[in-house]
Amino acid sequence: MSSSPEAETMECGISSSKVHDSKTNTTYGIIHNSINGTDTTLFDTFPDSTDNAEVTGDVDDVKTESSPESQSEDLSPFGNDGNESPETVTDIDAVSAVRMQYNIVSSLSPGSEGYIYVCTKRGDNTKRKVIVKAVTGGKTLGSEIDILKKMSHRSIIRLVHAYRWKSTVCMVMPKYKCDLFTYIDIMGPLPLNQIITIERGLLGALAYIHEKGIIHRDVKTENIFLDKPENVVLGDFGAACKLDEHTDKPKCYGWSGTLETNSPELLALDPYCTKTDIWSAGLVLFEMSVKNITFFGKQVNGSGSQLRSIIRCLQVHPLEFPQNNSTNLCKHFKQYAIQLRHPYAIPQIIRKSGMTMDLEYAIAKMLTFDQEFRPSAQDILMLPLFTKEPADALYTITAAHM
């Protein structure tokens, strides 16, 4: 293969580069490990993949230890396949539970809710890799399992099986090539057609779960998985919650998610609704469009600090705050409002990013500070950005790409 590196970043002995094969017109992302001298190909041209489609099975109640079945859902897209001993990073009970039905290929970093493994099904001659999430010690995946059992959408991670062994509950999920965070890091900023395709899939997933009375509460690039831009799914429903009485009226559902990507109302511990996911999806759209720009600063020292950073970076006008002055946003943060632009005008941090007008308009609408005026996922999907296919978008050059 004749190739030439296009970009490279270094950190702790690990570097990444993007190379292009002129003979096959193929772009690859490669991880280089200078410590052990290994290279790992992250991406090819994303050929049609059937990894997700071929992981089959019915979704029932959580199986007991005597059942040969297990359920599936994707949580972690990309790991160091086979370079780590499972026992070095995990609990022996989790390993035992997983090995009842799966061969462990490698272990991924434990998450806040459990241990995560790359596995193959025992007796499966295809050796197709899946992700198994195991929770031990009395913790439960019941809410996440219950939510995913009711989901059926091409852009939502599919729960195939779940099973219990003693006190350990396991969820089994298709293994995708990468998460969106990794994809952007290697390939970004992305061409406009890919941005639109991925965000359209994300918004479709959000419109679907919101219609079913579910708030995800942790929408971020690390929780979006893909084999190719046309095959993207929203995963990790561990922070998701159900709407009370199936109404989208803002209510107090408690704090959850990630400080860097949470909406203003959630950060302020005000009542919130499905619109909190739209804010987070707006940050995803911005991150795909403009690589290596940190929206609200790198240091997050709590929700108050994050809110002040949001107000400063977006130059939030006093008239953009909620009309209800009894909200925590108004009582504690309106004093930091800035009158440097007209109310609801596109913030300079977006305007100066060199993106198309349709794209900056969509991001600005999704990052509306007051949730009452923030559009729904279905509203955003009706914008021209998503209803019209970009003309030759692969070759659209903006200031952000220069």
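Even glycines carry a Cβ here, placed using N, Cα and C.
Computed from a predicted structure; not experimentally measured.
What Swiss-Prot records for 1-21 (among others) is region 'Disordered'.
Marked as region 'Disordered' by Swiss-Prot: 46-88 (among others).
The domain 'Protein kinase' annotation in Swiss-Prot covers 102-386.
Annotated ATP binding site per Swiss-Prot: Leu108, Ser109, Pro110, Gly111, Ser112, Glu113, Gly114, Tyr115, Ile116, Lys129, in sequence order. The Cβ of Ile116 (ATP binding site) has 25 neighbouring Cβ atoms from other residues within 10 Å, across all protein chains displayed.
The active site, proton acceptor annotation in Swiss-Prot covers Asp218 and rests on sequence analysis. All protein chains considered, the CB of Asp218 (active site, proton acceptor) has 21 other CB atoms within 10 Å.
The Cβ of Gly114 (ATP binding site) has 23 other Cβ atoms within 10 Å, all protein chains considered. Within 10 Å of Asp218 (active site, proton acceptor), as judged by C-alpha distances, no binding-site residues are found among Leu108, Gly114, Ile116. On the 0 to 100 pLDDT scale, the domain 'Protein kinase' (102-386) averages 91 in this prediction. All protein chains considered, the CB of Leu108 (ATP binding site) has 22 other CB atoms within 10 Å.
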